[in-house]
Structure formats: structure tokens, C-alpha cells
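According to TrEMBL, the feature domain 'O-methyltransferase dimerisation' maps to 15-96. Sequence annotations record features per position, and here TrEMBL assigns domain 'O-methyltransferase C-terminal' to 118-327. According to TrEMBL, the active site, proton acceptor annotation covers 256.
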């Protein structure tokens, strides 16, 4: 018996072929402001009204809206005056700019930056390196120079990372009881959303965001409220500059950017600076030990190939990196969400 007889094979292929189309429909609706307009209007609108407000063609907008209905991002009501469109709960919460849980910025980053690198995925697989040179004409040896190639691009990236922590931050910070650690350094803390979640969850703690000078400047001036005195800043490059003493170091989505040698180098510096009894918290998306999944993490690892020098790893691989740097009592907590937590102690 043919093993494929029970498979709806064309449907399987269609599902994966349409993945690119699905994401671009959602990204385009965000970019054009469809969900923001419908939220602000307070009432359902026709495709003609939406097109007029947003300055698009009526035929193009109608097709975009209907595709969003198919994706359950919009709902439609047929009236005597014609079809009227409104947001669903999903789009109100995650796709409007004003929502506390908005994913707008990370979607724009994916649409305008990540997708351009993925265009050269076959080249990345052949060569085993990121594709910034082909995508943007920027040397592949400096991945963050490419991500931060202009202040506008840096803001997109930082705002996108902040939007991720608005929905995942509390889960990874609550995976372990971090209340004994009151002096915390967030290495590569970027826009500071995870630091804000940390001082909210652990009000007796102070968090120092350690990042490149231009990142710190943007975070300090535009992303962290000036009245938040529990968050401070340290400018530097943690590979080349010293790391100050602290009780806990958070490395959220840091190690996956780098190869094993650079990870060991950084963790050794962290271990040397860490106070006795302190620790390091890794926040990463963990692969299954046999690397059979999760699919999201496997795709993230492909993204690391086209954008960075790193990869996603298993819990055992992160544990080995921590132990090689001198950390012990390694604990792993899977959150069931996008990112997991690994804690090592000195």
C-alpha cells in the first residue's frame, strides 16, 4: 500500500506554500494602518471608506480586507449598504499600535528586514553565513552593525524586541524565583522591556541595562520612562569591555546570536564578574534534545543562519556552555511559550 494514500498531499503542500502569503497579508494590513483605523473609528467601515482614509485603491483594499477576514484578523457584516469590516479581538490586542501587547513593531521588522535576508536563504545554507552583504551591502562580520545600520532601523529592532517581551517577559522571569537577586545586569538589554518587567515582578531589585552606547542612548531617551529609577544604564561592548560585578546577569536572546566559542568567551567573563552565590539567567527558545522541534525554534535557528553568527540550541547544549564557564546547579524551565529559561549558579 502506498504510504501517501492517507495524506491529503496537495493540501499539505498548499499549507506551506501559502505561509509566505499569509504573513505578507498581515504585515501589509499593519503597515497600511488597517487595524489602527478600525480601532479608532469605533464602528465598522466599508472597503471604500477604508481605502479613502488610507489612500489606497479600492480594488486592492477590498481584496486585502477579505484575505484578513479569511485569516480571522477581521470580521465582516453584510448590510444593505454593502460589506462592513471590523477588527477581531486578536487584531485589537496584537496588531494595533496602541495596544500594550502590540506586535506591530516586530512585524514591521520582519517585513522590512528579515524577509530581505530570507530571500537569500539558499545562499546562507550553501555558505553557512548571514546574508547582510547581499541584502543590504553591509559586511556579514558585523551583524549588529547591519541591524543598527541607521537610527530608524535600530528603533524598529528595539521596538520589535520590546513587543516580544510585552507578551513573554513575565513568563521567563517568573520561571525561577529571582527575588534573592537584587542587583541585576541585563546584558544586551536593548530597549529595556524585559528590565521593566523584571522591576515590576521583583520590586526590590535594580536592573542595569548594559548595551552599546547608541542603544543605551535611544533606550534612555525614548523607551524607558524617566521616572523609573530602578533601571540604570551602562554603555559598553560586553565582548571587549569589562563587565561590572552583580548578583544576577540576564542574557535574553543573546547567546543564540553567536557561535559556541563566542558564547564560552562571554560566559567566562560573566562568571568572573559574578558575585559568589550569584547566577546567570539565559532566556532562549529551546530545541528538543533530539532537535525534532518545536517548529518555531527550528525556524528561529534558520533565521539565526541568515542574520547572525549563531543558532538555537537544546537545553543540554546551553547547560554544557554554562558548565564550561564554571557555572553549576543548572536548572531548566520550559515555559510553554516562545521562550524558555535556564539558570546557572556560581
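Note that Cβ sites are derived from N, Cα and C of the backbone, with glycine treated the same way.
Just so you know, TrEMBL annotations are computer predictions that nobody has curated.
What you are looking at is a predicted structure, and each value in this text was computed from that prediction instead of being measured.
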Using DSSP three-state counts, the residues of the domain 'O-methyltransferase dimerisation' (15-96) come to 52 helix, 14 strand, 16 coil
Residues that sit under 8 angstroms from the residue listed as 'active site, proton acceptor' by C-beta distance, when 6+ apart in the chain: 284, 285, 300, 301, 304, 308, 310, 311, 312, 313
Mean per-residue pLDDT computed across the domain 'O-methyltransferase C-terminal' (118-327): 94
